[in-house]
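Chemist: So that we are looking at the same thing, I have put the structure below in structure tokens.
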Amino acid sequence: MPIRIPTELPAQSILNSENIFVMDTDRAAMQDIRPLEVGILNLMPNKMETEVQFLRLLSNTPLQINVDLIRIDNQAPKNTPESHMKAFYQNFDDVADKQYDGLIVTGAPLALLDYDDVKYWQKMKVVLEWAQRHVQSTLFSCWAAHAALYHFHGKNRRLRDEKLSGIFAHQVKDEHNELMRGFDPVFHAPHSRYGEISVADYESVEGLSVLASSEKTGAYIVASDDKRLVFVTGHPEYDPDSLDQEYKRDLKAGLTPNMPENYYPDDDPAQGPLVTWRAHGSLLFTNWLNYYVYQNTPYDLASLSNKA
């Protein structure tokens, strides 16, 4: 089954061109199926690009999914037309009474700021507490993963001396966990971050398990034993050219970024990257939707408040 998105959302034409089955809301309304309700709290500056990346990952399951795009505040994003935000996004306050089967909280380019200096940190804390009562399973990406661990368990990130950027090999640490079902023992994923929380810090929290990690990146996929919280410290959603765009953006800005590791063939930016992460990225989200969301969510979402 497809993801359900608004008929006029620009992401629809991009996904259709990639042969991804997308159903607009008009057609979906004719089917007598209770779709999964999934929210995407999009914290990235380029909302439209991020929408496509996560919608692509949500599309590869037999489940019908109704997607709400959510903004955390009314501040106009720098790289997205306000007309797009008004047409396709809901303010968090407007969905605060709703329950969701799943919620994705994206990353944000805020690694160099203390949490208390993030302009929407107080609202972010409200969202994190709200999700405990309104969402069956929440997946936090990159910055959001660190922010959630800090809020819930007081584990603060440290800043690396140099940005971690590139494609890195990871090892599955718990092959029996359903989130890792079908994964190769070693698989690749993109990272682009300054912040890091040690494997030991994750493992020190009762009820959390590190499911995949590497010596270079540290913990990559971490999940709570009750399947309600998933922390992904990298970017499995990234497009083939995402790291290339970041690298060239920083060069243009007069910075001296390190070249993304294991990304360009022969470390030559003139060559397109060899994509080695998309299959496992898709599998991660398929497993999350199936085993952590669909097989655990109540039919009556209103009962989620009893799980908090």
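FYI, residue positions are counted from 1 along the chain as it appears here.
In case you wondered, yes, glycine gets a Cβ from its N, Cα and C as well.
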Chemist: Which one, LYS155, LYS163, LYS216, is listed by Swiss-Prot in the same substrate site as SER192, ARG249?
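Modeler: Given SER192, ARG249 bind substrate in Swiss-Prot, the matching entry from LYS155, LYS163, LYS216 is LYS163.
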Chemist: Rounded to the nearest Å, what's the C-alpha distance separating HIS235 (active site, proton acceptor) and SER192 (substrate binding site)? Just drop the number here, would you?
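Modeler: So the alpha carbons of HIS235 (active site, proton acceptor) and SER192 (substrate binding site) sit roughly 7 Å from each other.
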Chemist: In whole Å, note down how far the CA of CYS142 (active site, acyl-thioester intermediate) lies from the CA of GLU237 (active site).
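Modeler: Distance (Cα to Cα, whole Å): 11 Å.
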Chemist: Max Cα distance spanning LYS163, SER192, ARG249 (substrate binders), Å?
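Modeler: Max Cα-Cα spread across the substrate binders: 14 Å.
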Chemist: Pop the Cα-Cα gap between CYS142 (active site, acyl-thioester intermediate) and ALA111 (site 'Important for acyl-CoA specificity') into the table, whole Å please.
Modeler: 9
Chemist: Write out, in the order they occur in the sequence, the residues of the chain not among LYS163, SER192, ARG249 that have a C-beta within 8 Å of the mean position of the C-beta atoms of the recorded substrate site.
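Modeler: Nearby residues not in the site list: SER165, LEU243, GLU246, TYR247, ASP250, PRO257, PRO260.
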Chemist: Which one, from the recorded positions HIS235, ARG249, has the smallest tally of other C-beta atoms lying within 10 Å of its C-beta?
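Modeler: Each of the recorded positions HIS235, ARG249 was scored by Cβ atoms within 10 Å; lowest is ARG249.
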